[in-house]
Amino acid sequence: MRNLIPSYVRVPVIFFTIFGLIEYFVDSGDKPAFLEHPIIMLFLILVLFILIAIEGIVGSIENILFQSLDQTAKDKYLASKAKTPQFKALSNIYEKLKGKQKPIEEEHEIILDHNYDGIKELDNNLPPWWLWSFYISIVFAAIYLVRFHVIGTADLAAEELEKEYAQAKIEIEEYKKTAKNLVDVNTVTLLTDAADLKAGQTIFNANCIACHMADGGGGIGPNLTDKHWILGGGIKNVFHTISEGGRSGKGMISWKNDLKPIEMAQVASYVLSLQGTTPANPKEAEGDLWQPVGTEDQNSNDTKTENETIEVENTVTVID
Ligand code: HEC
């Protein structure tokens, strides 16, 4: 057995088997284990070193034993060594795969008599591996054609893609539901949940009443209960104002570093829930009259309403 496989095959095979086993069993995350744990690298180098050393030692023992043999035994040993088939099985497979081709010396027997600008055709046997791949691809094509285009049990690539898109959209919606923090000025919607409004009120009382009063009546900041808005009404504009702040020098800072997106959505919704309430000391209305479209401002999918919304937005021209 030892003589069957030369050392330049044996050493790498054993080495990479050990390497593979380590990679399989050692949990090292994304990186290969030998990079993640330098000790493994050290171990592998050691393994390689020992393997080479073993080869060297066994080789020299063989050599010494050989020298101690008498002439007839030496001859016998050499003969047996020469006889050992090297890769017999492999070369058999190779021969089989190659098939029965005419050797170059006999090619003149199978050359066809047409001649294209000096290029001649040789009618040699095709190698079986090639021929079988060809047959298999024909069978494959037939099955594919019937399955995809005739009975249509399977989806074509484009349909598959569309389905995956649809599925992905559903998953994104699901994800957004659980990850409310993803809201931004484009996706924010008016929250009407009592819990959200309560949270909004808490945030408002903690951060905003110094300027807007607890009832939203206004002080340093404008009255938030009337229909007039300096920076635009509706959830998107209010969210934007809270997130980015008001006009510079007016005192309304940007809150996006202090409040999470969901918190800004909650406090914005709370602010809007104050619409129409009567504060104790209402500040005079400032800004333009904001006209909501439909049930809520920009959240309709209806094109007509959307156009109207854009008109309304234009008259307000606030977001800069
Ligand atoms: C330091 C005082 C101050 C604090 C604190 C403050 N605001 Fe304001 N707020 C203002 C001022 C001043 C304006 C007007 C900005 C302008 O004219 O550009 C304003 C404007 C606004 C507007 C827009 C009103 C409009 O008419 O367009 C909203 C909404 C608002 N604030 C919400 C909040 C919320 C919510 C908080 C708490 C997270 C808050 N503010 C905290 C002073 C403040």
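Even glycines carry a Cβ here, placed using N, Cα and C.
TrEMBL lists 151-185 with the feature coiled coil. According to TrEMBL, the domain 'Cytochrome c' annotation covers 195-275. What TrEMBL lists as region 'Disordered' is 278-307. If you look up TrEMBL, you'll see 7-26, 38-58, 129-146 marked as transmembrane segment.
The list of residues near the transmembrane segment (129-146) in space but at least 6 beyond its ends in sequence, with Cβ under 8 angstroms from a Cβ of it, reads 97, 99. Using a Cβ-Cβ cut-off under 8 Å and counting only residues 6 or more beyond its ends in the same chain, the coiled coil (151-185) has close neighbours at 236, 239-240, 243, 260-262, 264-265. Counting residue by residue with DSSP, the domain 'Cytochrome c' (195-275) contains 41 helix, 2 strand, 38 coil.
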